[in-house]
Amino acid sequence: MFFPLQILQYLWTLCCKGQPPPRPEYDLVCIGLTGSGKTSLLSRLCSEATDNIGPTTGFSIKAVPFQNAILNVKELGGADSIKKYWSRYYQGSQGVVFVLDSASTDEDLEMARTELHSALQHPQLCTLPFLILANHQDKPAARTTQEIKKYFELEPLARGKSWILEGSSVDNIDAVKQSFTQLIELLEDKDQDTGRI
């Protein structure tokens, strides 16, 4: 069935009220030790290849699109030589993504615990929503999120804060997207709370 162009344009203006509203953008900082999988997860979220990924030196920024928001994620390298400068990049962040290797050695897990505790208590981050990803859940040695929660003492440490702890792996990117969607909801809630003041 053919409709004249003018009728189609008229129908378009009736049902489609101009351009859709712009998606909100949030600035996040992504931290974690080298090898935790930060770059691979972010690359997969952006539908980029993950074949030749190496450790991040310095930092990189990716705009990660979601249906209801765009996340501008500043990923900081996790090497010892870079970690000491993390706090210089915290300013302006609206949320935090902390990635840890749930299949790492006890020594590395203890270092990750120390870094997460430090981030949760940092003056520029302590009031922000946190997404904590227990990555590499596909590996046999991976600890469960319950084990991570207990070992990292998240319940007492993060009481009163907005945080999410989820398992993740690059092989299940849909679950990772769902975790980020939960973070977006926390960011939206914080926006609304700020608007009420």
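Quick reminder: no glycine exception, Cβ is built from N, Cα and C everywhere.
Record features, source TrEMBL:
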- Gly32, Leu33, Thr34, Gly35, Ser36, Gly37, Lys38, Thr39, Gly78, Asn135, His136, Gln137, Asp138: GTP binding site (BINDING)
- Thr39, Thr56: Mg(2+) binding site (BINDING)
- 1-18: signal peptide (SIGNAL)
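Counting other Cβ atoms within 10 Å of each Cβ, the binding-site residues Lys38, His136 show the lowest value at His136. In this structure the C-alpha atoms belonging to Thr34 (GTP binding site) and Thr56 (Mg(2+) binding site) are separated by 8 Å. Spacing of Gly32 (GTP binding site) relative to Thr39 (Mg(2+) binding site) is 10 Å (Cα to Cα, whole number). A separation of roughly 7 Å, to the nearest angstrom, links the Cα atoms of Gly78 (GTP binding site) and Thr56 (Mg(2+) binding site). Residue annotation for GTP gives Gly32, Leu33, Thr34, Gly35, Ser36, Gly37, Lys38, Thr39, Gly78, Asn135, His136, Gln137, Asp138. The furthest Cα pair among them is separated by 21 Å. Shown in sequence order, Gly78, Val99, Leu100, Asp101, Ser104, Ala112, Asn135 are the residues of the chain, 6+ apart in sequence, with a C-beta less than 8 angstroms from the C-beta of Ser36 (GTP binding site). Cβ environment of Asp138 (GTP binding site): Ser169, Asp171, Asn172 lie under 8 Å away, each six or more residues apart in the same chain.
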